[in-house]
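As recorded in Swiss-Prot:
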- 34: active site, proton donor (ACT_SITE)
- 27-34, 144-147, 173, 181-184: ATP binding site (BINDING)
- 58, 150: (R)-pantoate binding site (BINDING)
- 58: beta-alanine binding site (BINDING)
């Protein structure tokens with residue numbers, strides 16, 4: 001495995017291997033969830049590139065850009081074990097050179113859920129992912145379903161801009177106690193870590209009510225919110241039941257309905273989701 005920092009060098013590597021590269025875009029501080037994407041990518045292409053870049057344009061004012069965990073040596077170990085050929089770890093100056101002025105924006109599906117409380121976030125996401133697609137030229141790219149809205153946005157961007165790239169969404173990987181794996185989990189104190197379990201428990205409660213016959217979204221929201229509110233300190237950013245394709249709100253739930261939530265535990269904002277009809 002090699003590490004490439006230069007955009008020009010990454011482009012040269014890609015030109016020599018065009019047509020058989022799988023890309024796993026990440027912000028680093030890798031965990032088993034990231035590794036699952038890399039292992040699957042290994043099955044789908046001759047060469048696997050994992051990008052590690054904490055993208056400044058997707059962080060807003062007073063968000064955790066400076067404190068976002070970083071550990072390239074740790075990341076190299078995980079990537080190598082997962083079968084990655086190249087870590088592409090560019091600098092912000094290389095990705096966004098002086099007087100950078102070009103951004104890509106996907107409308108409508110970016111304005112609600114995470115987009116409502118993080119204005120500009122998805123503009124940064126789509127811009128950096130489009131740049132990575134152009135630099136690495138993959139035939140397939142892997143994203144985790146924990147960031148369900150992000151996955152939907154990327155798929156829309158790929159369709160609308162005619163990127164000849166297959167987008168693969170991979171299942172959420174969870175800790176043994178149900179907490180969705182996230183690089184931000186490391187920022188939780190032990191007490192906060194325990195409180196954070198309310199996200200997966202609220203999903204479980206809503207799904208149990210759904211299996212019991214409840215179809216009213218308003219009623220299901222009350223069931224899920226009650227689990228989080230019982231913990232006192234976690235603050236709900238959003239708790240929504242949406243159509244999984246359009247991400248539009250619903251009044252009645254069915255087996256394809258997406259339950260998506262974002263909750264702030266202490267200073268850490270966590271997200272999770274599940275499809276009601278799936279285990």
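We number each residue from 1, going along the chain as drawn.
Each residue, glycine too, has its Cβ placed from N, Cα and C.
From a predicted model like this one, the values you see are computed outputs, not experimental measurements.
Location within the structure of each feature annotated in Swiss-Prot.
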| residue | record | DSSP class |
| --- | --- | --- |
| 27 | ATP binding site | coil |
| 33 | ATP binding site | helix |
| 58 | (R)-pantoate binding site | helix |
| 145 | ATP binding site | helix |
| 150 | (R)-pantoate binding site | helix |
| 173 | ATP binding site | coil |
| 183 | ATP binding site | helix |
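Comparing Cα positions, residue 58 ((R)-pantoate binding site) lies closest to 27 out of the recorded positions 27, 30, 34, 145. Within the same chain, the residues at least 6 positions away from residue 30 (ATP binding site) whose Cβ sits under 8 Å from its Cβ are 52, 74, 75, 78, 79, 183, listed in sequence order. Counting only the Cα atoms, the space from residue 150 ((R)-pantoate binding site) to residue 34 (active site, proton donor) is about 15 angstrom. Taking the Cβ of residue 33 (ATP binding site) as reference, residues of its chain lying under 8 Å away and at least six apart in sequence are, in sequence order, 144, 146, 172, 173, 180, 181, 182. Using a 10 Å Cβ-Cβ cutoff, residue 34 (active site, proton donor) registers 27 neighbours. Long-range Cβ neighbours of residue 27 (ATP binding site) (same chain, at least 6 residues apart, Cβ-Cβ under 8 Å): 52, 53, 54, 55, 68, 183. The Cβ neighbour count for residue 145 (ATP binding site), using a 10 Å radius and every protein chain shown, is 19. Rounded to the nearest whole angstrom, the C-alpha distance between the residue listed as 'active site, proton donor' and residue 145 (ATP binding site) is 11.
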